[in-house]
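Okay, so here's the structure we're looking at.
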Amino acid sequence: LQMSVAPSLTSSSPTRNVAVLVLALVIDMLAFTCILPLFPSIISFYSKEPHRDGLYDFFVSFLASFQKFIGVPYNERYNNVFFGGFLGSLFSALQFIASPTLGALSDVYGRRTMLLLSAGGTLIAHIMWLRADTFTLFVLARIVGGLSKANVNVATAVIADVYEPKDHPKGMALIGAAYSIGFLVGPMIGAYFSVIAPKNATLFTLPAQFSICVTFIHFLIIFFFLKETLDYKQTKARESVTGRASLLLRPSALFKFSAVNAPTEKKERMESIGWTYFLYLFLYAGLEFTLPFLTHLRFDFGSMQQSKIYLFTGMLMLPIQGGYVRRTPLHKQKRLAEIGLMCAIPAFLICAIANSVFWLYMGLALYAVASATVVPSLTSLISVVHESDKGAVAGVFRSIGALARALGPIFASTIFWLLGPDWCYFIGGVSLLLPLVLLRRIPNVESPLEKEKMK
């Protein structure tokens, strides 16, 4: 019998394809996250001869001139924090550009092709990292890596291809689980390899080699086992790719949800949720990124102790996300997001004044609650505003988050560099009141019982 759909969309294909996709994402995230606890040590590595080069010296000279210009006494102690924030924001900014672009191109050239392109670029970035014996080469490796990270948008497109709209949340939950596993295990692997590295090797030699190996496996899994899910008969015109990508790259169009075709009332609610999400993630991402530098400077944490922070928060987040957030009805998600924000504020204030590891972990416990609740709850709220075009809404929301993560690290690192960690975390914690106030002004989703009463 002639099939009315593409061979890759047969009934047995969706489950298999999603399983392959999730496995590939877990492996990719292990490579992506293993560098996280090493950042403070890596920046310190490039601040010393013979790895310090002209680009590093240029940044040091620029920072000294800037501090003199604004009348702040020169202090080189926090320079590495600024460099780390710059690299974090650079990576996320390039990801902000690449994700919607490759996501839109996948509508024309196929999901599998773009995932292979992303994996190939990531593999090149890890090889460059292994060979990066100067600061300039490390920066170039991060640039290539940022431009290659388009997994989320393309993976989401795969979910949209193989699942019915009503089952999209199940597929997205699997992608979320893949990322959670990566963030839980990856930092521990990176820290372990840095500790057992031979004396004649750099601290990142083994983590970089590990990243190369698993990224190559990630590439092979996609190449041999992932089938194309795009139905080319339903593909939009090729000329529309640039226009669709630009709606996710221009902030003026992004925050107005121009890519979504919806009534004015719904657009206004989307904009309110979008601004709440941006402000929260802008502050949260900046403070999250500087956390390893805070613990390195204040408590002299090495890479293994840094990785234990990710393990501690991840172990707290998993049961909250999987057991509580997932079961919370939609009309209570707004309240859950408010609770998460109310935990985030004292979390960072405690980190600002923590003078012992005990108080640091007290702050991290509240931080884990916020991490597990706010973003999933806001994502649920935005998904029901305009159910007929969930794909476009989700794409805009992800781009808003990517923009926040691109700007947050450099902002927080600049405050950290100028005023020190205490003021950085105090200002960030207090500023989180802004998204909380915005969230409380957004009307709640009606419960099924309230809807029935209205009828």
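The backbone N, Cα and C atoms fix where each Cβ goes, glycine too.
These figures come from a predicted structure and were not determined experimentally.
Taken from TrEMBL, the feature domain 'Major facilitator superfamily (MFS) profile' applies to 17-446. Per TrEMBL, transmembrane segment is recorded for 20-43, 55-75, 81-102, 114-132, 138-160, 172-196, 208-226, 277-297, 337-358, 364-384, 396-419, 425-443.
Counting Cβ pairs under 8 Å that are 6 or more residues apart, the transmembrane segment (114-132) and the transmembrane segment (396-419) reach fewer than 3 and are not in contact. Here the transmembrane segment (208-226) sits apart from the transmembrane segment (364-384); fewer than 3 CB pairs are under 8 Å, leaving out pairs fewer than 6 apart in sequence. Taking residue pairs at least 6 apart in sequence, the transmembrane segment (396-419) and the transmembrane segment (81-102) share three or more C-beta contacts under 8 angstroms.
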